[in-house]
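Participant: Residues or ranges marked as domain 'EF-hand' in TrEMBL: 496-531, 533-568. Annotated region 'Disordered' per TrEMBL: 1-48, in sequence order. Under the heading transmembrane segment, TrEMBL lists 188-209, 229-248, 260-281, 293-313, 334-355, 367-386, 398-420.
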């Protein structure tokens, strides 16, 4: 279904949508287990009512074109726009379309036909000719999740990582796997990925520079006191550092992964092995002596070293990944291209050979065999034309012209298909970038919202203490957990604020060290009802209270925070309100269901 949908210019609906539809069917009245007594009778009546309503035919007028469908068809996907139009709530409120039997929507009829087919056939296909932006806006209006813009959940990302080899639960292997395999998992992993790119670039540049005749033949040169042998020693040191680092990385990734077979058969890991293995083969070959057959093998192996480093750099490039995915997606087209190209090369090589050699018993032409002529044929069919070999006879010139002209068609047609595939893959990569950026932005908003809620809860409790005028009773178990009736607040003095801050500070400072660390702050928030707070949220709270940024809170800093909370706690309330509105707006734009 997905391949057919993409071939028609759209995307099939994700399995999540189908699962939601199936679960929605199960949750409908009458599909589950019924209760006894009056509840069973009510459920039976509701079930009969629903089944009767599902057979009603309604009309939806979209841009002047009328579409008729059953109510039961629109109820397949609850919480969508059309489903709400025919939904009858428990309070007796009937949907507008179910009540009036007809409704007018000032929307595109072209896209609506695909929408209504989605309700009927459970397949979402983008109509040909409709731009992605307009299609996405229509899906947002009808409250249908766009499979191409769906943001993966944390659970889905976790399952995907486990399938790739991440340990499900381990004290040190799991962080090690995330460090080397997922640069987005932490700031350290991101910096390590950047360091790997720098090491690859330096290694490739050193490998290229050492092939210069000055360094290759150890010619005497002086650059401000730096001799040639100094530079050669630097090149050797760089090579040792590069190979040593990537050897450590390769071994660490082998230890961390749980999918050993998948690891060794993956193309990127084979490239990583090619980047480091030639160094050790070179060392073993040099020990065996030079001038042997092993020396030729070493020279070939050194070629794989630079090739491995270049391809390893491509692993960190988005463009290289798009090119690789395009090649994999175009294997059929590439096979056709290869077959046509080989046929053309052999055909024209044979033709030029017999045209330039009327008498094959004599060696009168540079085209002395079909094998040599195949070299000329490849250069001509690809329209390169080095000019080192050229026909002398009229027959050979005719074959040469025909080879050049036909080469345009042989290569042009398949390449146009590959170009279209590349454009499609690149568009998918851009969408993935946008989704990842949106997911990161939502995570930051959620973190900020949780931080502001926690600060609001803390400031509210401090305000309650001042309102109760209980500076001497600033105990977490007493004042913070008290449910006594509040009295009208009285504006506290600076001395009263400091007394409250000092009393609460002593209660929070469990170890009586004169400093509140993040662990003690976590205990405090837990007693206030904020359970399972993440460390980054607690760190954000510490940053707001810890004025000198030393990682702990002293009594003066806590008193300053209490003074700010008591006199201007509206700041946190406003921040929380704005953050909540921003989160709701962002989620509504992307229509994150569930």
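Note that Cβ sites are derived from N, Cα and C of the backbone, with glycine treated the same way.
Model, not experiment: these values are computed from the prediction.
Locate each feature and note its surroundings.
Facilitator: Sequence-distant contacts of the domain 'EF-hand' (533-568), counting only residues of its own chain at least 6 positions beyond either end whose CB sits under 8 Å from a CB of the stretch, comprise 447-448, 450-451, 454-455, 458-459, 462-463, 466, 492, 494, 497-498, 500-502, 504-505, 508, 514-518, 521-522, 525-526.
Beyond the ends of the transmembrane segment (334-355), by six or more residues, the same chain brings 327, 367, 369-370, 373-374, 376-378, 380-381, 391, 393, 395-396, 398-400, 402-403, 406-407, 410-411, 414-415, 418 to within a C-beta distance below 8 angstroms of the stretch.
Long-range Cβ contacts of the transmembrane segment (367-386) within its own chain (Cβ-Cβ under 8 Å, at least 6 residues beyond either end) map to 341, 344-346, 348-350, 352-353, 356-357, 396, 400, 403-404, 406-408, 410-411.
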Participant: When the pLDDT values for the domain 'EF-hand' (496-531) are averaged, what is the result?
Facilitator: 78
